[in-house]
């Protein structure tokens, strides 16, 4: 079903002009085998998957972009819509198929497939629907791209990253969940918006579960290098603990609010995941709060659980977890977040 | 309704930290009045409007991006979804309102509002629904931004560009329709895909009506500077006129096919319009096939009609129309396209 381009002749009784139009230079050798050819596959051509795919395309992150979905018509329509923009973009090979063979040799596989979170539905309620789906997605992906990095976006992301890890048999550094990368962006936006400063100058992590039990690391927030809480103490500016909790709540509610207003979220998660793709594929070695295997960090010892921690990412995936200082309360909340996730994970039959 | 940011305090009983956090430098003067502040307003936050808005944002084309729509919930949801990506983007002010006051001082106003083209529906069938909508949109836009450039995207684009021109009272160089910019991209994609060459090396225009009577300018298509038709003659490669018409038909059908498959088009038109926005706002003086006032060009003399011609665009809008050679048949088809549009315009009460 997939149209890979360059094999189509121009219409019935078409003109095969390629060899007439360009004459090859003498004794041409094929391209170097070490040529960089970055291939990204996006599984799921819904609002989230397409926002990710389109942002990756605009930001010129891949040489080849593959879309996979179960719905053939929708898939083909989305592929054509991207291909039609060829005159405005760097040349990127764009393919699509319901069959996973088209994903072979992917450097990065981004999985967004899954039921959409309905208004009022918590991420955890989606779980059972999505686990069954992953049993049909992850095995073929790893079969065709045994060296790939899996980047999981579907919700509940922490549990589905664990599921993907188990189903893939991959080492844990090659299975990552988008986690709280976006929550942290919303958090940084709120703080930056209030202070009239660029959001990229606000260092602030939300960690733990991408959901209601996420943990805002207030003790390590800094703006332009100035740690917020100790600054407030030094300036003797009083603040209520409740105020901080309200800000955090506004972040947690952020996604629900967008879903309530427009039916789903797409653009922000698109930028968030494209940002992760860039760090991974271009070996940027930057720290992102993403869902990684948490055992052994911050006192989390029971069971294999994935949740978001500030992780250094690069071409081989997760390079390590940053040793960000957490106070006692934050550590306590993080462990509680881990316990919440662990409990649900244990109910799955993987 | 609109949230403009930076006036919100962090939650109820919030912290007002701005002045505490950053100390201004001594005797600071306000910014130079000649500072560049590019403001783009997008009217209509449907699939097309949002794809345009998001592409503009990713490509960093504006300092301020404004969204306007009649549906406040959808509008607010879309604005928040873009704002939440703040950590991943250059700082851009993003605001939204149902009220046109927010568009004041826009450098460019992009109008996408209108009924969606249903499967099987021609663009011309949308006409009557959209003309009355424009009576509510254009007057407030020009009231708040009397110096702006209007870029019309809603279909049928040629007629609605004419309608916008009449309702605005603007000089014709400041009212442009997205026209066949995208059709030409699809055309260049098909040719480039067949020849395995970058689409940007294919110079090919589709002009006239953005629709069924568009005109493919075969006589001026060149690839890497080589004119296609005369090349085929010199190489004595036979081709059927029907083959060329099939390629053109594939372009026209391109939009209908995407609509049939995924329900609407969005990504390609998003890139297409962002490309026009860049040429206009950055004074690139590139030639784009867009809908402009055609009287006086290529033998079109009857009445004021807008249709796509290869037009040079820059900061003041349409700088001129390129004097591309058209053969007799192409000129005839163009005049026929003009007559089709003119007939429909004659039935409007503007």
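Backbone N, Cα and C atoms are what each Cβ position is placed from, and that goes for glycine too.
Binding of NAD(+) is attributed by TrEMBL to A:44, A:45, A:46, A:47, A:48, A:49, A:69, A:153, A:154, A:155, and within the candidate set A:130, A:173 the record adds A:130 to that site. Residue counts of the domain 'Lactate/malate dehydrogenase N-terminal' (A:38-177) by helix, strand and coil are 68 helix, 26 strand, 46 coil (DSSP-based). One residue stands out among the recorded positions A:46, A:210 for having the most other Cβ atoms within 10 Å of its Cβ: A:210. Its Cβ taken as reference, residue A:48 (NAD(+) binding site) is surrounded by 26 other Cβ atoms within 10 Å in the chains shown.
Per the record's binding annotation for NAD(+), residues A:44, A:45, A:46, A:47, A:48, A:49, A:69, A:130, A:153, A:154, A:155 show a top Cα-Cα distance of 17 Å. The Cβ neighbour count for residue A:69 (NAD(+) binding site), using a 10 Å radius over every protein chain in view, is 23. Take the CB of residue A:44 (NAD(+) binding site) and look out to 10 A: across all protein chains shown you find 24 other CB atoms. Within the model, the domain 'Lactate/malate dehydrogenase C-terminal' (A:180-342) shows a mean pLDDT value of 91, rounded to a whole number.
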